[in-house]
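K.L.:
I'd like to ask some things about the structure below.
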Amino acid sequence: MIHADYAIIGGTGVYDPALLTNAHEEQIETHYGMANCTIGEFKGKSIAFMPRHGKAHHVPPHQVNYKANIQALVDIGVKQVFATAAVGSMRQTLPPGALVIVDQFLDFTKNRPLTFFEDGEPVTHTDMTDPYCGRLRRHLSKTAQQLGIVAAPGGTYVCTEGPRFESPAEIRMFAQLGGDVVGMTSIPETVLAKERGLCYSTVAMVTNYCSGMTGAPLTHQEVLDEMAKNVHQIRTLFFEAIATLDTTVACACESASGAM
């Protein structure tokens, strides 16, 4: 039987096979399609690593099968999810290389499936007061401090449809609305996780300043290069957070959509 208690969702750079013992790849069939992950153990904890964009990073953000990914984690028993996100910064105080433990979002996606509650299921309104699990955020912040890793303890993630970068005019609007960083993957991922009662967190890594802020054009290679330089910090943070997390503490995420 396939089983994991924790999940890490992110790019291939976050996954280090040397950190997991008894690692094996799995394909998980769900009602919403197939999901792929690698499952192994770290300090006695069973962890599933899920490459959001596929093993070869070939699935663009607007075509990721978010519903299959989240449902697969539910089906194998995952309760705690740690996600990564490469983001652009709208704040001079968050330069490239900065980490942000995001706590709120603004949704500017357009054509993505946003909920599990459709196709005849009962109308359900999920509480989004705390869209990213407060318990996991506090634990990540505490763990980062203990490791000497600088991570902003909050920030608003603006999610756009992609795969194009945002225009300078859009960035100015997002900043005026209270956005701090902008990316293309957190929605609907965090919403779907909340609907399924998972504790879900995202640590965003700033890879660049947003368009119009520096006068230089943005490139995908710039994003990849900055992520590669700093991904070891997120990897260290996630594995230490998983190793030290107290899962006996009750969390409101389990009942955000009522009885599951």
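Even glycines carry a Cβ here, placed using N, Cα and C.
In case it's useful when we look at the structure, here is the feature table from TrEMBL:
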BINDING   T12, R52, H53, T185  phosphate binding site
BINDING   M184  substrate binding site
DOMAIN    6-242  domain 'Nucleoside phosphorylase'
SITE      E166  site 'Important for substrate specificity'
SITE      H220  site 'Important for substrate specificity'
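I would like each feature placed in context: is it buried or exposed, what are its neighbours, and how far apart are things?
P.N.:
When other Cβ atoms within 10 Å of the Cβ of H53 (phosphate binding site) are tallied across all protein chains shown, the result is 16.
Neighbour count (other Cβ atoms within 10 Å of the Cβ, all protein chains): 24 for M184 (substrate binding site).
Of all the Cβ atoms in the protein chains shown, 23 others lie within 10 Å of the Cβ of E166 (site 'Important for substrate specificity').
The Cβ neighbour count for H220 (site 'Important for substrate specificity'), using a 10 Å radius and every protein chain shown, is 11.
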K.L.:
Which of the recorded positions E166, M184, H220 has its Cα nearest to the Cα of R52 (phosphate binding site)?
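P.N.:
So, spelling it out, the nearest of the recorded positions is M184.
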K.L.:
Return the member of E166, M184, H220 nearest to H53 (phosphate binding site) in space, with distance defined Cα to Cα and candidates limited to these recorded positions.
P.N.:
M184
K.L.:
Whole-number answer please: how many Å between the C-alpha atoms of H220 (site 'Important for substrate specificity') and M184 (substrate binding site)?
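P.N.:
Cα to Cα, H220 (site 'Important for substrate specificity') and M184 (substrate binding site) are separated by 13 Å.
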